[in-house]
Amino acid sequence: MGIKGLSKLLARYAPKSMKEGKIDQYSGRVIAIDASILVYQFISAVRDTTGATMVDEFGETTSHIIGTFYRTIKLIESGIKPVYVFDGKPPEMKDGELNKRKENAQKAQEQLDKALEEGDKEQAKKLMKRTARMTKEQSDEVKKLLQLMGIPCVEANCEAEGTCAALVKAGKCYATATEDMDALTLGSEYVVRKFSASDNKKEPIREYSLSSILEETGFSMEQFIDLCILLGCDYCDTIKGVGPITAFELIQQYKSIENVLKHLSDKYKVPENWKYKEARELFLHPDVADFSDYKLEWNKLDEEGIKQYLVTEKHFNEERVTKGIEKLKNVKSKKAQGRLDSFFSVKKVPLSKSEAASGVKRKKPTTKAKESRKKK
């Protein structure tokens, strides 16, 4: 779910914190991708003409595999170095939210069964998306494919967006790609949404900057976290009657939830045993690994392994799979492809024509020369 209403609130109070762009603008960037969000989108969106998820000849869902394969190829062709982060065990404080989702999914399934029985195809298509969910088996299948493609996969201790944020904070990745805005609350400097949208939707990618949010709002990180808790997060309930604008104004005036509660009108109902402090602690100190010395590795493409898995085991079209592999090979064969291949190298300033002709080698600037440049 993320943070309720945060994107709309930022559009009002911190408009400069969000900018729109295209996927090619991230060429050369290492992006931490919330795998569960991406796979869920493929299960929901990649469907046949009847609205049902794509399956193999044995009736097993394959939408997540085919979607991940082609989307990853597109990212790599755009010069992006993807890192897929998978969910670990959710925190206990999220149990209430997960139970609500389970109940909603069961209701949606009952409505879907009824729509199918009555032959209401349009309603059935809508409900199929609401009942979509990723299983552990599907997650493992995606991991296997990515490993064959040579793409790094990271298993989170807890929730994926927290680990994505940790990778960004450690300088290993530029941004977190997710639809969950709580990646900002967890400390990711940049969060990109609509990152996995298909080209035919023509939706711009939206990038949010945490430092810009704090600068425009005048909030500290702790105050921003308290705002997100008031808006509504996955870890605790909210104060009934306090909407997004009121929440913003309360934090702006009183600086913390503790002070808000001291001055809050009796017309607002505060949840009993409200665990906002525990939620705050989860945002400030999420259960993540230390990535300071962690090395991300993009391995060699296993061409035969991919064919064995996708064509032999999963029964995908061999010609299409081969074309996909060729696209990956073509990208890797282009040595001088800008930031993708020289991402970790230092760019040298070329010599001028006169310097090159005379065989001059540039000297490193002296301390005095450096000081002179600074003054200019």
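Positions of Cβ are set from backbone N, Cα and C atoms, glycine also.
Predicted, not measured: the structure shown is a model, and the values here were computed from it.
In this structure, Glu159 (Mg(2+) 1 binding site) belongs to neither helix nor strand by DSSP; it is coil. What Swiss-Prot lists as Mg(2+) 1 binding site is Asp34, Asp87, Glu159, Glu161.
Under the three-state DSSP scheme, Arg71 (DNA binding site) falls in the helix class. Here Swiss-Prot flags Arg47, Arg71, Glu159, Gly232, Asp234 as DNA binding site.
Mapped onto DSSP classes, the region 'I-domain' (123-254) shows 69 helix, 16 strand, 47 coil. For 123-254, the entry in Swiss-Prot reads region 'I-domain'.
Cβ neighbours within 10 Å of Asp182 (Mg(2+) 2 binding site), excluding its own Cβ and spanning all shown chains: 25. The annotation Mg(2+) 2 binding site is assigned in Swiss-Prot to Asp180, Asp182, Asp234.
Feature annotation from Swiss-Prot assigns region 'Interaction with PCNA' to 336-344; the stated evidence is sequence analysis.
Look at Swiss-Prot and you will find 352-376 tagged as region 'Disordered'.
What Swiss-Prot records for 360-376 is compositional bias 'Basic residues'.
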Fill in: Cα-Cα distance linking Gly232 (DNA binding site) and Glu161 (Mg(2+) 1 binding site), given in Å to the nearest integer
17
Worksheet item: Average pLDDT across the region 'I-domain' (123-254)?
Response: 90
Fill in: Cα-Cα distance linking Asp182 (Mg(2+) 2 binding site) and Arg71 (DNA binding site), given in Å to the nearest integer
24
Worksheet item: If you measure Glu159 (Mg(2+) 1 binding site) to Asp182 (Mg(2+) 2 binding site) at Cα, how many Å is it?
Response: 11
